[in-house]
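Worksheet for the structure shown next.
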Amino acid sequence: MKQVVKIISAPWMMGGLFIIWAAAMAMATFVENDYGTPAAKHLVYNAWWFELIMLLLALNMLGNIFSFKMWRKEKISVLLFHLSFFIILAGAAITRYIGYEGLLHIREGETENIMFSYDPHVTAEWQSGEETDLVSVPAYLSPATPHAFKATLMAGDKKLKVRSVAFKDEQLVLEVVHEGETHHLMVQGNRNAIGDAAVLELPGGRFRARFGAKPIELPFGVRLNRFVLDRYPGSESPSGYKSEVTLIDAANAVEEDHSVFMNNILSYKGYRLYQSSYDQDEKGTVLSVNHDGTGTIVTYIGYFLMTLGMFWALFAPGTRFRALLHQVDRTHRRRKKLASVMLVMVTLGGAQGVVGQTPPVPDKEMAAEFGAVWVQDKGGRIKPLNSLHQEIALKLVKHHSFQGMTADQMVLGFFTHPGEWQTTPLITVKDPQLREILGVTQKKAAFVDFFDANRHYLLHQMVDAAHRRSPAERNKQEQELIKIDEQVNVFYITQMGQLHRIFPSSKDLMLPWYTPTSRPRTLSAADSLFVTGALSEFIAAVRLGEQEKASAQLVKIRDYQESHSEELLPSDTILNLELLYNRLSIFLWLSTYFFGIGAVLLLFQFVSLLRPQLEFKWVMRIGLVLLLGGFIYYTFGMALRWVLAGHAPWSNGYESMIFIGWTIMFAAFIFVRKSTMILPISGLFTGLVLMIAHLSWMNPQITNLVPVLQSYWLTLHVSIITAGYGFLALGALLGFLSLLIVILRNGRNYERLQLTITELTSVNEMSLTAGLYLMTIGSFLGGVWANESWGRYWGWDPKETWSLITIVLYAFVLHMRMIPGLKGQVAFNTAAMLTFSSVIMTYLGVNYYLAGMHSYAGGDPVPIPVFVYYTLAVFGVLIVWSQLNEAKMQKVKG
């Protein structure tokens, strides 16, 4: 027995279970993508062996609590967050085996008290004589799991064996064995309803089966009085929706009115009702119902204790984190005795231009006045025209300016001199075959080049063919075709004025604003004439050089906006702030700033490592001040975007990417006194992150939030988990840098560089610890947000699953020092670098390669960029080289 306990609680067992658990969950996400959620649940998430892994991990943790005597005073904080996982697992078990959930569909004016389970059930009934046997169990059937159901029924003395043998398109085939004879019964299922019953008459009785949602009677009724759907002004995008309901409990004489909307729930007798969806005609609502009060409370207690324990462990004396702090200080002092490592600071600058014929240039001040007019975008957001013009310029020429012209001058020129701009090469065409079709020799093509003499679009058939192929199957030419086609269309609709929705409706504030080419049916005759003619008069005045008349016309447009939609217009302060934000291009400018400084500082840092006699103390101080100034400017940009958007700036891919860059620099300044290597590598990577954020597939546009994202729990969840990404990214960078230094070691510099590696590794472990804590807390706060939004704190969605995988893998990395064969600085830094791939999968891969509520591609993957393969090759060479050099040094030293 002692030997069994020893094996279960062994560190190598813990590491093996971590890897197996993470691999199983990763496999499940791809199974779900290819075969559906039922297949993933049956094969992995609800499988006995998967729960056995969690049980063994819990026993292993329990054994290690005793092995490391975590009840000691100095270990109480560590004990607390380890014990919290037992509580979280207990809460999950209660939810899994006792709680239940489903959907309640109600039409306006009707009362319902029957909900339908989320999980589909197979209900089988065997009637023989006067006796009946019935089973109704969840069955996660899919084409990949056609055998997910089996049961044995007994009525009287007649035994019946039933199992599923085939499943496709909601049709289930059951094999029924009775008295040695085999029969087959086809059952038409319906996951969202009860399902039709299928009957099989047998010599000994009657067998009935159905497949679908299980009806569950509620101890109360809910009447839908009214469903209300609000939209962003001038948009079809919902800003919020709610169900005005009456809860009716006749047995207890209760009749209460409630409003149920996103992030506002109805609780009664252990049941929680959430706004989930609604009918297309907006006359009915779908509420999700959750009955899991005990499991949720237990889990929340676990979350609280985990957060408290992790936070405490960062500051309590005697913990691993505090020991690392002291070790870094000792190593740093020893290294300073050997050499003074200094850095040199230089600034980088660059210029860019576009080759092509320059059309007439509108007056810059007049274009700026034009850019200060309000416009309503397709999402319903009201913003300055300057913001729209920058988006147009970015789409067409990949920059906010063109040949010295601002975006406002460029778009105004589209209107004042349309012919000249149609012949101006703007659109990049890289593919030689496409250039041959268009008849152009340069890489830039003009709008007119895309049409023949009869105004036929030359790429029409090729574009249609490209769109018919899935993203994963498109070749490079087809990908370029789609981008070019989008640019051609943007140019056309801009010149037609179809993007310039600058005229509000006088009758309904929620209607889309009008463009100059609209037919304003809701306006008076005078207003209609103004809408259709105001912009044309302004353009004509600009073309003729009549500046005063043009300015007066813009004043009339602004007066019209204020008189017809004053309630919706942002303040002049917001207008000026957004114009300032657009003019500064803070994050784009900082990408070059941080990348340039980081690259040069890193270069000099390596020179200092190889030539320790060089000292540049004053340069390091200047560099610190400049990077700190850049960080303050970065923070100002984040705050400014928050004010303009009206919500925290991490609600989409672009915003979360720039927040990751901010947290990397934040983490660097926390650890800057521990190692001089941190700032250069952090500045370099922050610049790289900002550059990635400004690639064409990232959208920097400020947008409105969808209803489910309007929650303070979401703000906490995203900010904390993204901050965790920053610390984990810093760990990967330090791992990369440490392996480079391992390669540079030789017999002459071994002691000095080894101290640097030890210093970086200790800081790396602290960074990974902080990152793991933040990611763990952030992930579970995401569970709270999900539970408060739609009634489920965990649903094995690919995004949350990969978050858990990342947590498990980093827990493995931080426990490697306890596992024989995996100890050592080279192994740790290699793992820190490679494990960041899980963060990338969590952050980007799930969005583009897996199906789920967080997915952009709906499981239809986009091609993997070529640079990924080159990066993997570089990492492979680095790992092998560092391992060989480490082995060589170990032989030399001992």
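Cβ coordinates come from backbone N, Cα and C, glycine included.
Annotations in TrEMBL come from automatic prediction, not curation.
Quick caveat, the model's predicted, so the values are computed rather than measured.
What TrEMBL records for 12-31 (among others) is transmembrane segment. Beyond its flanks by at least six residues, the transmembrane segment (12-31) meets 39-40, 43-45, 50, 53-54, 56-57, 60-61, 64, 144, 796, 798, 801-802, 804-805, 808-809, 811-812, 815-816, 818-820, 822, 846, 850 of its own chain at Cβ-Cβ distances under 8 Å.
Here TrEMBL flags 43-66 (among others) as transmembrane segment.
Feature annotation from TrEMBL assigns transmembrane segment to 78-98 (among others).
In the predicted model, residues of the domain 'ResB-like' (210-289) average a pLDDT of 86. Annotation comment: TrEMBL describes 210-289 as domain 'ResB-like'.
Among residues of the same chain six or more beyond the transmembrane segment (297-317), those with a C-beta under 8 A of the stretch's C-beta atoms are 74, 76-88, 90-92, 94-95, 769-770, 773, 776-777, 780-781, 783-784, 793. Residues or ranges marked as transmembrane segment in TrEMBL: 297-317 (among others).
Summarising the annotation, TrEMBL assigns transmembrane segment to 338-355 (among others).
As annotated by TrEMBL, transmembrane segment applies to 586-610 (among others).
The feature domain 'Cytochrome c assembly protein' is assigned by TrEMBL to 650-854.
Summarising the annotation, TrEMBL assigns transmembrane segment to 679-698 (among others).
TrEMBL lists 718-744 (among others) with the feature transmembrane segment. For the transmembrane segment (718-744), the list of distant contacts is 606, 609-610, 648, 650-651, 656, 659-664, 666-668, 671, 677-678, 681-682, 685, 689, 753, 756-757, 760-761, 763-764, 767-768, 770-779, 781-782, 803, 806, 810, 825-826, 828-833, 835-836, 839, 843, 878-879, 881-882, 885-886: same-chain residues at least six beyond its ends, Cβ to Cβ under 8 Å.
Taken from TrEMBL, the feature transmembrane segment covers 765-786 (among others). Within its own chain, the transmembrane segment (765-786) is flanked in space by residues 88, 299-300, 303, 306-307, 310-311, 313-314, 320-321, 324-325, 328, 667, 671, 674, 711, 713-714, 716-728, 730-731, 734, 792-795, 800, 803-804, 806-807, 810-811, 813-814, 828, 832, which lie at least six positions past its ends and keep a Cβ under 8 Å from the stretch.
According to TrEMBL, the transmembrane segment annotation covers 801-819 (among others).
According to TrEMBL, the feature transmembrane segment maps to 826-846 (among others).
Here TrEMBL flags 866-884 (among others) as transmembrane segment.
Among the recorded stretches 43-66, 679-698, 801-819, 826-846, the one sharing the largest number of Cβ pairs closer than 8 Å with the transmembrane segment (866-884) is 826-846. Remark: the transmembrane segment (801-819) makes no contact with the transmembrane segment (586-610), by the rule of 3 or more CB pairs under 8 A. With a threshold of 8 Å between CB atoms, the same-chain residues lying at least 6 positions outside the transmembrane segment (43-66) that come near it are 5, 8-11, 13-14, 17-18, 20-21, 24-25, 27-28, 31, 79, 82-83, 85-86, 89, 140, 144-145, 796. Under 8 Å from some Cβ of the transmembrane segment (78-98) lie the Cβ atoms of residues 54, 58, 61-62, 65, 70-71, 292, 294-306, 308-310, 312-313, 319-320, 780, 793-794, all in the same chain and six or more residues away from its ends.
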